[in-house]
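To keep things clear, I will list the structure first and then write my remarks on it.
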């Protein structure tokens, strides 16, 4: 490779990345996932597009995709709160194992019928497209305010279900590639345990060692992110080399780093944010270049039937079976989890395995995986907002700081500087600072008005457009969000948590007198918390609700997994007037 070729490679790569970045706002305007934009740019640059770039190097695509996926999962793990495992761990594990197996089998049977494949070949297609994709799920759910039970389940499932898909894919390739492969129960159990066991062990052990190294060594701030990424990639590669799931390992490594006091954690996250975007762009550009659109047209109708069958048939059945033991999930939540079974880069990466193994029909497997991913991103990704609204799993958005910066006053400092911009519809406009009732231990470090630094006192009244700099810790974000809350843009969310709020310790007898409810003898001595326990169980999440005496009772506030306030949602005025008549 001469200097001219290398320079041309840099120019074309930079041009494609730049175009992808500049076209990213199109996704929000058209209501399509941003990953689809990156994929489309790659396809347009390919041999059937205007770029006429011929690219069919599957090993290079496999390398780029794995590198990108590792970075995306490291970032996703660091941003996942381990507290969410309380409500989502076992449901996620069930979906990541049993759910993937059921999806694989049902999709495989459909593929066998549509494409005249053998049973094992059809199930291989099902295994390739059987797992949800972490890159797609993290990207599309990022910044959305979802019911925590649902959101955490989807994210943890996408980060942990790849070992099952890899296990099934590799096993089936081994069987199809060699008639001598011993497909005994012991072999299957050992392979399954190796994928999950080695992946989990190396992820947690390696993550702890990496965390210790980061905190132990005093380095220039810019080097901590490099140490975190290089360490994560080493754990990823080592896990794969030992027969484990590198994807699971690096996700758990990120989870450990993000949930322990880690030196320069905020700096690491800031660097990872940019690297994750670059990884997503690079991965989907390469995958777009790899596919030949004209070949997809040959399988368009049966491929569409396979994708629709998986979305409307295989995935919902798998979710309902996987979540059957967990009574806390409502039917609406199960349907939403079924709908957000997003496919992305992982199925395409798995489809490269048969190509590299030289299996018959390998090109068909790859084209099918690509087609299913495209349909999933367009149909499921493009309708995500509508699905959230229909399933009623959307919560009123919590205002995020426009900026947050770690304050490294000591190596494992958890102090941050949160910056809020006040809008006209925030309740605190016109209030003096002394009336804000800031969370204990937090301080307003500075107030800016018209780009001028003020010298505020307790009597200083806040105005629209003021910028507040608040010293606090991550645990204070919830309280600060309530403090600087604003009216939701959607009318349907304006009274989401109810019209009136009651303390969880309130007696039902007092509530009944206040709202004219007729209680039975057993209910008279109970408290509101007993009612919540009876209807919602021990782990309700924000936004859960139940019907009682013709009214809706909504979990309006949760602190340390304990409900503290219940919202009472009254019927609309029309219904009240009809009842009065």
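Backbone N, Cα and C atoms are what each Cβ position is placed from, and that goes for glycine too.
Feature annotations, reproduced from Swiss-Prot:
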| type | residues | note |
| --- | --- | --- |
| DOMAIN | 405-486 | domain 'RCK C-terminal' |
| TRANSMEM | 3-23 | transmembrane segment |
| TRANSMEM | 30-50 | transmembrane segment |
| TRANSMEM | 58-78 | transmembrane segment |
| TRANSMEM | 87-107 | transmembrane segment |
| TRANSMEM | 109-129 | transmembrane segment |
| TRANSMEM | 195-215 | transmembrane segment |
| TRANSMEM | 232-252 | transmembrane segment |
| TRANSMEM | 271-291 | transmembrane segment |
| TRANSMEM | 304-324 | transmembrane segment |
| TRANSMEM | 335-355 | transmembrane segment |
| TRANSMEM | 364-384 | transmembrane segment |
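When Cβ distances are compared across the two stretches, the transmembrane segment (30-50) makes contact with the transmembrane segment (271-291), since 3 or more pairs at least 6 residues apart fall below 8 angstroms. Predicted-model confidence for the domain 'RCK C-terminal' (405-486) is 82, expressed as mean pLDDT. Distant neighbours of the transmembrane segment (58-78): 134-135, 138, 155, 159, 228-229, 232-233, 236, 246-247, 250-258, 265, 268-269, 272-273, 275-276, 279-280, 282-283, 286-287, 290, 345-346, 348-349, 352, 355-356; these residues of the same chain sit at least 6 beyond its ends, with a Cβ under 8 Å from one of its Cβ atoms. DSSP states for the domain 'RCK C-terminal' (405-486), grouped as helix (H, G, I), strand (E, B) and coil, give 13 helix, 29 strand, 40 coil. Of the Cβ pairs linking the transmembrane segment (364-384) with the transmembrane segment (109-129) and spaced 6 or more residues apart, 3 or more are under 8 Å, so the two regions touch. Between the transmembrane segment (109-129) and the stretches 232-252, 271-291, 304-324, 335-355, it is 304-324 that has the most C-beta pairs under 8 angstroms. Residues 37-38, 41-42, 45, 53, 278, 281-282, 285 of the same chain lie 6 or more positions beyond the ends of the transmembrane segment (3-23) yet place their CB under 8 Å from a CB of it. Across the candidate stretches 87-107, 232-252, 271-291, the maximum count of CB pairs under 8 A to the transmembrane segment (304-324) is reached by 87-107.
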